[in-house]
Amino acid sequence: MKSKKKIVLAYSGGLDTSIILKWLQENYDAEVICYTADVGQEIDRKKIIKNAKRLGVKNIIIEDLKDTFVKDYVFPMIRGHAIYEGVYLLGTSIARPLIAKRQIAAAKKFGAYAVSHGSTGKGNDQVRFELGYHYFGPKVKIIAPWRIWKLNSRTDLIKYAKKNNIPIPTDKKGAPPFSIDDNLYHTSTEGKVLENPKNSAPEFLFQRTVSPEKAPNKASFVTIGFKNGDPITVNGKKLSPGNLLEKLNNVAGKNGIGRVDLVENRFIGIKSRGVYETPGGTLLMSAHRAIESITLDKETMHKKDEIMPKYAELIYNGYWYSKARFKLQKIVDLKKNKVNGSVKLKLYKGNITIMSRQTKSNAYSMKKVSFEENKTFNKSNVERFINFHKQKLRS
């Protein structure tokens, strides 16, 4: 008997991917294998397995990628100070390349002819997933149900789920939940009342951060240690990448740090509004800039600032595995070996204050900058310097 073809589905266990699972089974003569990447989201392994088995799935993969995600994807992005459109720390964008890579690896392991994802036809994630699929498996077929099926609305999905006895999640009021994506780096919330930009985001939406008004009346202090450009310690204790970010998420979140309400320009050409929480990432961005300020020369820092918007845009658009991103990463990392030391931060009601910076790889000279008399800086050279730049104004 000839064995069935196989499809590997990026599966969360939620409504959308459960519907896609059933739809694939109905429309393709193939075995569907469920792949779940644990990148630090709230994950219920028993629920995922139960929901998949209910629909007849035999092979279910749940892969712990938390440390890999932080070390090989988040940390390089922190080194590049990647921020899209001034505020977005790219929490959703950076998870997709890793998931796509490992999903293709699963497809190759099981000899699957196709992969599938649950990204909608209006979103950026379909691009991010499929560019990753193409990079690692250019011959693997891609099935994007949202661009194929006739289930064109949330109402259609609910009807399909009821017809096939697929559990429909609801919020505390019994209504369909918001669209939520989370990983160890961030949580994003979209849809429903947020679709109208005149509506304020309800406080109950926030999952990782307290309101700054309700944050403790006493400040918290945290010291982050860096080696070769990456954070390695919190308050002197060495931690794995995943545990380090988790610890920073906790301390920043309880102090109301890391909230963003953003209307962004999607790659596909439409605007969308979302509420993002990136508590630990916000701390790391501040601390990394602070440690670079005393370890790197001006030209290197300015070059990084110059390329950052393009670097961030490449990540946002799904080009993590592109030659352009690889080249920019080399520039970002050119002097990362000098970025060593520690930064102490004060956290208070949504605000971050840099308290101190310490390093042995010092580009900062106390003698040169001192207001006291010293012989290390020749002030007479300054007049020639100014005259030279006066000439540039006339040319």
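From the backbone N, Cα and C atoms, a Cβ is placed for every residue, glycine too.
Fair warning: this is a prediction, and the values are worked out from it, not measured in the lab.
Among Ser116, Ser188, only Ser188 appears in Swiss-Prot as part of the L-citrulline site alongside Tyr88, Ser93, Asn124, Arg128, Ser179, Glu264, Tyr276.
Together with Ala10, Tyr11, Ser12, Gly13, Gly14, Leu15, Asp16, Thr17, Ser18, Ala37, Swiss-Prot lists one candidate of Gly111, Gly118, Gly121 for binding ATP, that being Gly118. All protein chains included, Ser93 (L-citrulline binding site) registers 25 other Cβ atoms within 10 Å of its own Cβ. In terms of Cα distance, the binding-site residues that sit within 10 Å of Ser93 (L-citrulline binding site) are Asp125, chosen from Ser12, Gly14, Asp16, Ser18, Asp125. Reduced to three states, the DSSP call for Gly14 (ATP binding site) is coil.
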